[in-house]
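One structure is given here, and the rest of the page talks about it.
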Amino acid sequence: MKDCCGGYESEELLMDFSGKDKAAYVQDTFNSIAKRYDVMNTLMSFGLDKGWRKKAVQTVEAKPGMTMVDICCGTAQLSLELAMTVGEQGQITGLDFSENMLKKAQENLAGSPYRSIIELRQGDAMNLPFADNSFDGATVGWGLRNLPDLEKGVQEMIRVVKPGGMVVSLDMAKPTMPGFKQGYWLYFNKLVPLMGKIWAGKAKAYQYLHDSAVEFPSQQELANIFARCGLTETRYQNLAGGVVAIVSGRKPR
């Protein structure tokens with residue numbers, strides 16, 4: 001079929017969840033790759049991931065003293081970037097449903113001066129354990145594509161953000177530059193699973209990361225979903241030629 005990158009032919013993807021529902025499969029997948037997740041992210045992004053996280057923190061309009069939530073926080077790298085901005089008077093809550101990712105997050109926070117303002121919780125992004133209007137803003141990094149119901153996940157983020165607050169997603173996107181996009185998808189289709197096999201011993205897990213990125217909506221489509229869910233000022237910012245994008249919107253005041 002033609003993929004959503006615009007004309008690059010690939011085999012139709014039917015993600016194999018090994019007899020499990022998507023939520024259980026994704027949870028098992030991230031539990032299995034948690035120990036080497038940060039190293040693999042840096043390798044796959046050629047070290048650009050830190051800068052992308054900083055840009056997401058700017059987009060969510062984090063400021064000193066704010067209270068923010070980081071959904072699908074994983075190893076807490078984005079949570080840490082948020083904490084550096086909100087400072088000691090602020091508070092960050094990171095939520096993830098992978099126990100092993102949260103264990104790795106605890107290790108990452110152990111020597112951080114921001115540990116005291118970051119609370120890590122295991123929970124379900126489809127049913128956030130927070131009251132309405134609890135946070136000044138919400139982020140999700142490389143997480144929405146793993147949810148069984150993307151729109152419900154976005155709606156939950158909107159629910160827990162205060163009126164006027166920002167909802168921000170940082171995730172894989174669909175590059176559009178001719179020539180570049182074909183090379184990128186070849187890299188992501190062939191080399192990323194190979195890297196996962198060599199450095200993490202988890203080729204199948206990294207094949208899922210490829211497949212889920214291909215099936216994830218384009219940055220424009222995700223911005224449209226944000227608007228459909230009720231956010232205003234929806235937009236996207238392409239990073240690295242559209243390989244990654246930040247999609248954002250504001251909860252109406």
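Heads up, the Cβ atoms here are built off N, Cα and C, so glycines get one too.
Between the candidates T59, T67, T75, Swiss-Prot assigns the S-adenosyl-L-methionine site shared with D96, D124, A125 to T75. The binding-site residues in question are D96, D124, and the one with the fewest Cβ neighbours inside 10 Å is D124.
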